[in-house]
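Engineer: I have a structure here, written as structure tokens, and I will follow up with some questions on it.
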Amino acid sequence: MGRVQIFVRTHGPGPGPNLGPMGTHGDPYLNVYVTLHCYALDCASHFLFSPMGTDTLNNPDDMVLIQELTYNNNLKQRWLEHYAPTLSALMFNIKGRYAAISKDYILKQSQQTTPSKATLISRWQSRSDTLQNIQMAAECMDHMSAGIDTTGDGLCFLMHELSLPRSQHVQHRLREEFIQNPNAWLDMLPYLDAVIKEGLRLFPPIPMSLPRCVPAGGRLISGYNIPGGSVVSCQAFSMHRLDESLFPDPKKYNPERWIEEKGLVERNRMFFSFAAGGRGCIGRHLATIEMKIVLEEIYSKFTTSVALEMDGDMFINDQIIASRPKDQTCLIKFTLY
Ligand code: HEM
């Protein structure tokens, strides 16, 4: 059964592998913070190692990976390890190493001998004359880390927003688009695209500054002469909000702004959730299609609302290089159409 079908079955009424506790009114609800991260891990690990990717939505044994990767403060820890190695070594001696299970998992999977041809590890292995095993494993670790919290958190913020009473009309318009275009490629659906883009605009999973070093000789940037060696940066959070002529009412979730023709070229140029240029996100297309597939499966069959039991804080919590919902909990109720 496909990953998305499992996800949807998991959320639907009736027996399912991870069906959450019942709501106070007998309606099933689920902590989508967990399941969306599971979905992102399963997608990323299959892109890397298929057929040996994880199966967290079906196999509770794989859940340990997601617990380790998303519930620890691993981004802060990695940052500390890089910038303050002595302090971090001391801390890990006290608290134990982080990401130990996922490192073992990656090392094991990157040595498998029969990966599917479409996987990243297969591509790396075909260049094994120039790459050592540990280098291939390190590349895969980068992709897995880069592809879980970003997609999982982005989807979680978005589903929470869509499930609020103020966004019910967005769900209905999405469903209309699916009904009217039953055989269309998901990339041909402009409203679906707008819903996702607006989610990533308002809740960019990497909202903070992305530093870049100005090359030798300096550069003219926006009319300013910046000397070589200076560090400059842009950040999605500000780029998506500051120019109110492009983004009127910037704190409002409003997918229609991505349909409006006037200013669209400029708005797209300001869209910075995946960064831009040579070091921009190389998982952008994978992440986008993952998001489109899961939204189509959910919102063509269900409406969602925030469960009455939801008391988690969805505030964007700073993880230094990324962000996530503060309480790492998002209880969503699913109702069949
Ligand atoms: C909504 C989901 C995602 C968002 C918002 C996102 C965002 C970003 C951003 C902003 C960067 C640039 C970081 C910097 O300049 O310091 C980046 C880089 C990167 N992303 Fe993503 N990403 C997402 C999903 C993914 C996925 C699914 C993968 C792979 C499975 C991935 C793999 C990478 C890699 C490998 C880099 C480093 C590229 C390089 O340095 O050349 N990302 N991402």
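Quick reminder: no glycine exception, Cβ is built from N, Cα and C everywhere.
Keep in mind that TrEMBL annotations are predicted by a computer and have not been checked by a curator.
On a predicted model such as this, the values are computed, not experimentally measured, just so you know.
Relevant sequence annotations retrieved from TrEMBL are reproduced here:
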BINDING   C281  heme binding site
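Each of the listed features needs to be described in terms of its position in the shown structure.
Structural biologist: DSSP gives C281 (heme binding site) a coil state; it is part of no helix or strand. Contacts of C281 (heme binding site) defined by a Cβ separation under 8 A and a same-chain sequence distance of 6+ are given as A146, F274, A275, A287, in order along the sequence.
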